[in-house]
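Features of the protein shown, as given by TrEMBL:
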TRANSMEM  7-31  transmembrane segment
TRANSMEM  51-70  transmembrane segment
TRANSMEM  105-128  transmembrane segment
TRANSMEM  148-170  transmembrane segment
TRANSMEM  236-258  transmembrane segment
TRANSMEM  314-331  transmembrane segment
TRANSMEM  386-410  transmembrane segment
TRANSMEM  430-453  transmembrane segment
Amino acid sequence: MATATRTGCIATVSIGAILSLLCLISGTYILKTNPAKLGAFLSISSKAKEALALVINFALTLCIDGMMFVHSVSLRWTLYHEGRLEYNTNIRLFTSSKTVGPNRWYMNVVALFFLVLSYGSSSVLFLSDETTLFLEMGDHGNPVMINATALVGLGLGLAGQAAVAGWCLASGCKLVPTWSSNPLNTTLAAIRKGNFAHRPGRCMLSVHQKYLRPNQGVYPAGKQGSILQIQRSVRYILALLWALVILAIAWTVAMVTMSMSYGNQYAPIEGVTEPLPCWRFGINWNPDISVCSINVVTLVMSQSGNTYKPNSATISYGAGAVLCVVFVCLVQSSQTIGLHCVELLVNLSRDEGAWRQAYGEKKQEAPGAQLSTNPFRAALSSWENIFLFVAKAMLHWVMGQSMFVSVAFGDETPGNNATYGPNTFLVAMIYSRLFFFSILAFFLATFATYLALKRSRGCQPATLGHLQTLADLIDDWKTDKNGRIWWGDKTRLLEADGGLRHAGTSWDKKMLSPVCTVARYAGARTESELKIGSVSYRANNGRPRYSRFM
């Protein structure tokens, strides 16, 4: 399984590198062959352009997540070798190594830069001719320009992330004992290397009780603690996400206000026959410049275009192309960081879900915890992971559609006499799309808040991927033929000691009993009591001896 996972990681990084080369080569070719326009044109409908952009966002998210999985695994085992690993999941770009190159703080900054560049460039990859802003957009073909500058930016972003992931693969040959994302697999690998060991007497202590002294009998809890209670960084993540919701709403309101002001101001000039003020709010996905229903606020990538003064300072067309990419990247950066932070909550919840498969209130309800799982299959089977994957692609896509980027060729703007100047780029912010983006941002913040506050039901102690807690709760690592283990009451397998009961794991769920909720548990405490299953503990060093490892 470990070899197959590593092979999958190599394949993912290779695909990312190949895609980056394709983007760089094609982008450079377009720049060389069409230096005047800095792009190549094709004729497709506006709906087709939006659909193509959405497909690219999903493919980009899949590629980036695959490459950055390698970065996450490398960080996990780097922290282990530095004696700083506590959880199976860590917030990747905000946790750094002190020794290993690809996980040093400055490489995290580089990885974040390339991550933002990738998503920002994809948002301005397809540009409409500026005249389409002033036409009713239907399914007829409109000239769409492939932005060569953004294509090169996308290639650089993917190349940078592929380089970081490739460095992790190269340096991880000796550092990484397993590439699995399964918390149980990580725990067992860490125990085998010697830095973690089972501590008797803690069979009913959750990660929220990790500082309690062992051998203290405790009653099983009917409800476990939340992620927010154990991870201090979560409160900052939630603050960021809800701040983004507020900013999105404020941005929408500002665009609505400016659209209303513009519409009511220019209605008399346009000879509108409707009663004034005539502007009305509407949820129209497409840009609309009719003064009574205008929903667009346009930003031009030149001072002369924004001030309508031809003699004002101007920038070159090439500089405008770069500035357009930089502007979108800056706007999207906070969203990209927020989505990355949500990964921590999703993976902690997924780690807990993997452990909770080991116990059910009734034996037949527990499918058993898998000791070794394919990380890609595990991601597809996790609803939290699927939600976040869709959220990443959709939020970046909607943000890109909300800032409708077009290119103007020539001096005059169709529909009015304002002079934008020679070839330049325009960013049309459409409030109806921003309103939709605000709704999606609200759903994301609500989703993250739910994960942070969720408390698992049942008396099985929560671990949230905390490796030492898992090592304490699992006293038998032997699995059944399908690689599963179960957790439950094992008192009948041992001699009772002072009324205290023992809970642990077994490869055969028939050997386990439901946990007694009115009894105290402390676990086995002597060497003889610990000789169960495939792991036996020696009194001289407390390290486990294994007969089986998945």
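A Cβ is built for glycine as well, from the same backbone N, Cα and C atoms used for every other residue.
Note that the structure is predicted; figures quoted are calculated from it, not measured.
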Could you tell me what the rest of the chain brings near the transmembrane segment (51-70), counting residues at least six beyond its ends with Cβ under 8 Å?
9, 12-13, 15-16, 19, 44, 92, 111, 115, 118-119, 122-123, 125-126, 154, 158, 161-162, 164-165, 168-169, 172, 181, 375-376, 379, 389, 392-394, 396-397, 400-401
With pairs restricted to those 6 or more apart in sequence, evaluate whether the transmembrane segment (236-258) and the transmembrane segment (105-128) have 3+ C-beta pairs under 8 Å.
no
Is the transmembrane segment (105-128) in contact with the transmembrane segment (386-410), using three or more Cβ pairs under 8 angstroms as the rule and ignoring pairs under 6 apart in sequence?
yes
Contact set, same chain, for the transmembrane segment (7-31): CB under 8 Å, 6 or more residues outside the stretch
38-40, 63-64, 66-67, 69-70, 73, 146, 148-152, 154-159, 161-162, 165-166, 169, 179, 374-376
Please figure out which one of 148-170, 314-331, 430-453 racks up the most CB pairs under 8 Å against the transmembrane segment (105-128).
148-170
Outside the transmembrane segment (148-170), six or more residues from its ends: residues with CB under 8 Å to it
6, 9-10, 12-13, 16-17, 19-28, 30-31, 34, 38-40, 60, 63-64, 67-68, 70-71, 73-74, 101-103, 107, 110-111, 113-122, 124-125, 318, 321-322, 324-325
